[in-house]
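Peer 1: Among the features that TrEMBL reports, domain 'Aspartate/homoserine dehydrogenase NAD-binding' is placed at 8-123. The feature NAD(+) binding site is assigned by TrEMBL to Ala126, Asn192. Among the features that TrEMBL reports, domain 'Aspartate dehydrogenase' is placed at 170-255. Here TrEMBL flags His220 as active site.
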Amino acid sequence: MKRVAVIGCGNIGTEIARAVDKGVVRARLVALYDIEPGRCRRLASGLERERPLIAESLGQLLGQRPDLVVEAASQEAVRQYGEQILKRGIDLVVLSVGALLDSETRERLRGAAEATGARIHVPSGAVAGLDALKSMSLVGVDRLVLRTRKPPRALAGAPGARGVDLEGLREPRLIYRGPASEAVKLFPANVNIAAALALAAGREPLVEIVADPTVDRNIHEVEAESKVSRLHIVVENVPSPRNPRTSYLALLSIIDLLRSLTGSVYIIAG
Ligand SMILES: NC(=O)C1=CN([C@@H]2O[C@H](COP(=O)(O)OP(=O)(O)OC[C@H]3O[C@@H](n4cnc5c(N)ncnc54)[C@H](OP(=O)(O)O)[C@@H]3O)[C@@H](O)[C@H]2O)C=CC1
Ligand SMILES: O=C([O-])CC(=O)C(=O)O
């Protein structure tokens, strides 16, 4: 069985650990790491099958010889640890995909991966259509737009929503319009999918974010045009139970990716 280690013991790290513990992902969970080790201890205490090492550093985590490391922490964590993991020849699943829109970080990680043959994996998250976008990118995507509509509480705390009276909103309000590379800095926990779209399409989407008190779902609309196809996809997602920012579909897409990477049947669809 593949050996998996997780960086970040918050919402998503917890879901991943539980999925491994329950056998939904057939792998061994060998190490956990977080800035705050107490979070890893709490998480590990709820696991039944195997107690992973609570690492005090990245070095200790890598000492457990993982085949795969999942970053479920922050864009900063991708910048801090990504290169060292890949340089050891270990595959990396990046959830804070926004970090990869910074060209310096992306090229550093790409260089490390190419040097060792390790791979960087990005989940499809809360959207669909990455498969078609990747195909369209072979002839060039001429236009790409992501319109994200979330209930105000899902946007609370984002640097880009500072100064907006989210609680007082009675009607939908456009609170951001601009390039994906800026959107992922201003809304780091809300539009990682903008980065996944950019990587698939080979160009940045224009991102619009609407705080909408009339909806209870996270809605993502993708429009793309190339000379071979026009794409229009709308995904209406139920928020995940523990974190309204994250769509439940995004959690499932991460579990599904891990099942593909650790199992013997590999269906490539994203
Ligand atoms: N690709 C996708 O589809 C999606 C990706 N995401 C992204 O995944 C990441 C995890 O999300 P989520 O689980 O909800 O976040 P949480 O905040 O619940 O958990 C993240 C944990 O990682 C810790 N952490 C942050 N930075 C570091 C670091 N440099 N080194 C070690 N630990 C660190 C945090 O500590 P502290 O709180 O002290 O910072 C926290 O305990 C986020 O970046 C989020 O934006 C989210 C949804 C969908
Ligand atoms: O889950 C969602 O709706 C999208 C999201 O938070 C992200 O991509 O960061």
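Including glycine, each Cβ sits where the backbone N, Cα and C put it.
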Peer 1: Reported as an integer number of Å, what is the Cα distance between Asn192 (NAD(+) binding site) and His220 (active site)?
Peer 2: 12
Peer 1: In Å, rounded, how far does the Cα of the residue listed as 'active site' sit from the Cα of Ala126 (NAD(+) binding site)?
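Peer 2: It is 8 Å, counting Cα to Cα.
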Peer 1: From the DSSP assignment alone, can you count helix, strand and coil residues within the domain 'Aspartate dehydrogenase' (170-255)?
Peer 2: 25 helix, 37 strand, 24 coil
Peer 1: Within the domain 'Aspartate/homoserine dehydrogenase NAD-binding' (8-123), how many residues are helix, strand or coil going by DSSP?
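Peer 2: Per-class counts: 57 helix, 18 strand, 41 coil.
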